[in-house]
Amino acid sequence: MKLSCGFLLIFLVLSAMIATFSEVEATVKCGGCNRKCCPGGCRSGKCINGKCQCYGRSDLNEEFENYQ
C-alpha cells in the first residue's frame, strides 16, 4: 500500500512539473510579439498557433504620402 501511494505521489509531482514546464515554454516562445516581430514598423503583434504574427504598420500613412 505504501509503495503504491508513493508511486502515485511521484507521478502527480512529475505530471505537475511537466505541465508547468509546458506552460512556461509556450509563454517564452510567444511572449513579447510586439517587441520581437515589429521592432519599428508595426502597431502590434499576436501569438497565433505558437508564432508571432504582425499587423497594422504604423508608418503606412507616411509611405503613402511619399508615394503621392
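Backbone N, Cα and C atoms are what each Cβ position is placed from, and that goes for glycine too.
What Swiss-Prot says about this one:
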type	residues	note
DISULFID	C30-C38	disulfide bond
DISULFID	C33-C54	disulfide bond
DISULFID	C37-C47	disulfide bond
DISULFID	C42-C52	disulfide bond
SIGNAL	1-26	signal peptide
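Distribution of Swiss-Prot features across the structure.
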residue	record	DSSP (3 states)
C33	disulfide bond	helix
C47	disulfide bond	strand
C52	disulfide bond	strand
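The separation of C47 (disulfide bond) from C33 (disulfide bond), Cα to Cα, is 7 Å. For the pair C47 (disulfide bond) and C54 (disulfide bond), the C-alpha distance works out to 9 angstrom. Using a 10 Å Cβ-Cβ cutoff, C52 (disulfide bond) registers 19 neighbours.
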